[in-house]
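What follows is one structure encoded as structure tokens, with my remarks underneath.
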Amino acid sequence: MWVTSIVRTVEGTPSDPFQGDRPVLEAVNDFILQLAGQPWVYAVIGALGALDAFIPPLPSESAIVALAALGEAGGVNLWLLGIVGAVGALLGDTAAYLIGRRLGTNRFAWQRKPRVAKALSWAGSELERRGGLLIFTARYIPVGRIAVMMTAGATGMRARRFLTYAAIGCAAWSGWSVLVGALAGRLLGDNPLLAAGVGIAIALSIGLLIDQVAASSRRPKQQQPQRISVAAAGRQTEDR
């Protein structure tokens, strides 16, 4: 829906942006180019980066990758895009941290939903063992960002430590998104839509890979005690 509203704002028409005789791909290409050329596009990127902390489906990463794929040809300043994306993400992380610090993690009904409650519980246990690394990588894990940031505030993590790790994580996330989009744009510069799509696919694949690595790193720790006990029982049987 956000795409439709932006198209209508750019073109100044309430109608379907893809209507008419032009092919659909050409219309989408035009839309991306028009969006990139608008001075307020950076404000949109910053807002998406901040709101994404509370509304995970928002396409903050996809928007950065898509615009970076256009590069200078689309009127996009990659340095400014990366900085605005990082600042917006840091504002969202900090807001979630402050909310968690003030209100805790179980005050609202949505926080007690099974998926959210499970994520918050996981974030609490992981923060005790590897808080810095978790804050750095949480934005790549579904629902992980808000869970980790709010739990960091609720558990009393020092603000300076939190902001240090969050700032590094946001800068790395935004910089990586710009890099992926820029590389896709350089390789597929003749088709902005295809370049943006390839860049987004790569970024999403990396996020899924990090999520799988994080999940697999938790499973062995849960299974190890059982394996040890079985092995110990076997040795005791042999001794007898």
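Glycine is no exception: its Cβ is also placed from the backbone N, Cα and C atoms.
Caution: TrEMBL annotation is automatic and unverified by curators.
Feature annotation from TrEMBL assigns transmembrane segment to 40-58 (among others).
For the domain 'VTT' (59-182), DSSP puts the residue distribution at 107 helix, 0 strand, 17 coil. Annotated domain 'VTT' per TrEMBL: 59-182, in sequence order.
Through the fold, the transmembrane segment (78-99) approaches residues 42-43, 45-54, 60, 64, 67-68, 71-72, 135, 139, 145-146, 149-150, 152-153, 157, 159, 162-163, 166-167, 169-171, 173-175, 177-178, 182 of its own chain, all at least 6 residues removed from its boundaries and within a Cβ separation under 8 Å. Annotated transmembrane segment per TrEMBL: 78-99 (among others), in sequence order.
The transmembrane segment feature in TrEMBL is assigned to 162-187 (among others).
TrEMBL lists 193-214 (among others) with the feature transmembrane segment.
Residues or ranges marked as region 'Disordered' by TrEMBL: 220-240.
Tertiary neighbourhood of the transmembrane segment (162-187): same-chain residues 49, 61, 64-71, 73, 78, 81-83, 85-87, 89-90, 93-94, 97, 131-132, 135-140, 149, 152-153, 195-196, 198-199, 202-203, 206, selected by CB-CB distance under 8 Å and a gap of 6+ residues from either end. Regional average pLDDT for the domain 'VTT' (59-182) in the model is 83.
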